[in-house]
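See structure below.
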Amino acid sequence: MAAETASGYIQHHLQNLTYGQLPDGSWGFAHSAAEAKAMGFWAFHLDTLGWSVALGLIFLFIFRMAAKKATSGQPGGLQNFVEVMVDFVNGSVKDSFHGRSPVIAPLALTIFVWVFLMNAVDLVPVDWIPQLAILISGDPHIPFRAVSTTDPNATLAMAFCVFALIIFYSIKVKGLGGFIGELTLHPFGSKNIFVQILLIPVNFLLEFVTLIAKPISLALRLFGNMYAGELVFILIAVMFGSGLLWLSGLGVVLQWAWAVFHILIITLQAFIFMMLTIVYLSMAHEDNH
């Protein structure tokens, strides 16, 4: 255990491996939340970046391998799994996306599998990966957070990429004038030109809040659920390491029970992120408000 107290243990497991400029002007790793905060905006969460990229490459490798081994005869287990995933996502896109775009289904598949893989790391016992990082680095105080979706920087980055696509397709389908009109002429309208002009600021405020709420809610929903799930695992680990025999036994039972339930959570959160992305992009392809 990297920290002697329960609170220190929890704080250590909820801190990212942060690299940035230290208060003395040198560059290095933060060993406390205070040091990470002092680094400011231009600090890098290397654990989030590393795991996100690694799991993305694993996703590409698995699906590429399945595509290369695809045969018209008897398919193997991996090919069956990939085909089920592709059919499931393709069906979800057909049911929810009402426009025409060849990139939506591949985007939805990428989001679902990538987010699921990042969420699935939460099923690894909470001490294994941080202890491995300590073993490799030789620093007993270095933090390491393996679940990328418990970092709001990761979920917000994905959500604002979706937001950029919403803006892009809104302008592409409706034109710049149509997009601006959508923000300023709805939900309140009037046949009187003077009244309509007066309503523009009100409409813009309401529509802007609705628009910007999409990526924020998309990111915070995923982050909040995964952060809470990770915190429960950490609290169970604290109970397990309390030294009391009956609490340790209860901790084992709770750990397995929560892990089984968490399989549903990680899958559901990946599905929700994918479905909301499809719905938002479908709305961006609609000509009418």
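Note that Cβ sites are derived from N, Cα and C of the backbone, with glycine treated the same way.
Annotation comment: Swiss-Prot describes 43-63 (among others) as transmembrane segment, evidence class sequence analysis.
What Swiss-Prot records for 103-123 (among others) is transmembrane segment.
The transmembrane segment annotation in Swiss-Prot covers 160-180 (among others) and is backed by sequence analysis.
What Swiss-Prot records for 193-213 (among others) is transmembrane segment, and it gives sequence analysis as the kind of evidence.
The transmembrane segment annotation in Swiss-Prot covers 232-252 (among others) and is backed by sequence analysis.
Per Swiss-Prot, the feature transmembrane segment maps to 259-279 (among others); the stated evidence is sequence analysis.
Stretch with the most C-beta contacts under 8 angstroms to the transmembrane segment (259-279), considering only 103-123, 160-180, 193-213: 103-123. Counting residues 6+ beyond its ends, the transmembrane segment (160-180) has Cβ neighbours under 8 Å at 99, 101, 107, 211, 214-215, 218-219, 277, 280-281, 283-287 in the same chain.
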